[in-house]
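Student: Structure in structure tokens, see below.
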Amino acid sequence: MSSVKIECIASEGYGIGESPVWDEKESALLCVDITGRKVCRWSSVTKQVQAISVDAPVSSVALRRSGDYVITLGTRFAALKWKEQLVTTITHVDKDKTNNRFNDGKVDPAGRYFAGTMAEEIRPAVLERHQGSLYTLFSDLSVVKHFDQVDISNGLDWSLDHKTFFYIDSLSYSVDAFDYDLQTGKIDNRRSIYRLEKEESIPDGMCIDTEGKLWVACYDGGRVIRLDPETGKRLQTVKLPVDKTTSCCFGGKDYSEMYVTSASDGMDKEWLSWQPQAGGVFKVTGLGVKGVPPYPFAG
């Protein structure tokens, strides 16, 4: 795989860069900086990054069918109008847990927004455990809680036949699968399909390609790994020039480019001096596979 090329397209030094999503209409990559409290958009045309500051940790962003975006902000689902830089709350979760915030989120094939929570970190990956839950925001703006006792709710995606939901609770060091009902959004029958090796470290964000294989960003592992969810085997490893790789998505004109976000939180000066691109966003080309376009929120 010597044709794989990695370039840093945005060296913004995000605290925790997360939730990359390709916006086809804008030919742009969206992402968030959780601790920097910013929603960011990198234009593939101008190569510039625009950012909108928000009033709480913002952990995921998704397209909205009616235009603009939805985000997870603190413990709120919220709407974001980009031009007006206007954020409006849709609904609150975890009201009884003042130390919680949302983490990763993604829209399912039916237009529902799945997102999970976690306790605020004391240091990267150090936090009060079992405080999080997994939620779905439906198109009528109602919310369902699937389960609780989550440590760090993270990567999520759906199989190509829409019958399986893939999910990561980071501190389980496992990529899990559920049976998934497209009609209702219900999930059940949880099982592990891959356990991370020691050097792969902590599983974080995830996406799927058009061959039905999963790509998982490994936080503190400095890599994205490609997994076969059927066999539970790792097929490929792409190493990045930064340790704290956080998430990945496909984008570009034909979804053949992979975009990888990263973090710099918790790194001291010496560490940052030999990883100056920490917190940057990377474009990976030459993988020989394409991704699935993101689904927009239907509400």
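Cβ coordinates come from backbone N, Cα and C, glycine included.
Where the annotation comes from TrEMBL, it is an automatic prediction and has not been curated.
These numbers come from a predicted model, not from an experiment.
Straight out of TrEMBL:
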{"type": "DOMAIN", "residues": "16-264", "note": "domain 'SMP-30/Gluconolactonase/LRE-like region'"}
{"type": "BINDING", "residues": "Glu18, Asn154, Asp204", "note": "divalent metal cation binding site"}
{"type": "BINDING", "residues": "Arg101, Asn103, Glu121", "note": "substrate binding site"}
{"type": "ACT_SITE", "residues": "Asp204", "note": "active site, proton donor/acceptor"}
Student: Could you work out which of the binding-site residues (Glu18, Glu121, Asp204) has its C-beta surrounded by the smallest number of other C-beta atoms within 10 A?
Tutor: Glu121
Student: Looking at the binding-site residues Arg101, Asn103, Glu121, whose Cα is closest in space to that of Asp204 (divalent metal cation binding site)?
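Tutor: Comparing Cα positions, the closest of these binding-site residues turns out to be Asn103.
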Student: CA-CA, which of the binding-site residues Arg101, Asn103, Glu121 lies nearest Asn154 (divalent metal cation binding site)?
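Tutor: When the Cα distances are compared, Asn103 comes out closest.
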Student: For Asn103 (substrate binding site), which residues of its chain lie six or more apart in sequence with Cβ-Cβ distance below 8 Å?
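Tutor: Long-range Cβ contacts: Glu18, Ile34, Ser59, Ser60, Thr72, Ala115, Gly116, Thr117, Met118, Gly132, Ile152, Ser153, Asn154.
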Student: Report the residues of the chain - excluding Glu18, Asn154, Asp204 - with C-beta within 8 Å of the mean position of the site's C-beta atoms, for the recorded divalent metal cation site, in sequence order.
Tutor: Ser19, Asn103, Asp104, Ile152, Gly155, Ile168, Ser170, Gly205, Ala217, Tyr219, Thr246, Ser247
Student: Which value in Å gives the longest Cα to Cα span across the substrate site residues Arg101, Asn103, Glu121 as recorded?
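Tutor: The span, Cα to Cα at its widest, is 11 Å.
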Student: So which other residues, same chain and not among Arg101, Asn103, Glu121, have a Cβ within 8 Å of the centroid of the Cβ atoms at the substrate site?
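Tutor: Going along the sequence, the neighbours come out as Ile34, Pro57, Ser59, Asn100, Phe102, Thr117, Met118, Ala119, Glu120, Leu127, Ile152.
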Student: Mind telling me which of the binding-site residues Arg101, Asn154 has the densest Cβ neighbourhood, counting other Cβ atoms within 10 Å?
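Tutor: In terms of Cβ crowding, the pick is Asn154.
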Student: Could you tell me the mean pLDDT over the domain 'SMP-30/Gluconolactonase/LRE-like region' (16-264), as a whole number?
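Tutor: Across the residues of the domain 'SMP-30/Gluconolactonase/LRE-like region' (16-264) the model's pLDDT averages 97 on the 0 to 100 scale.
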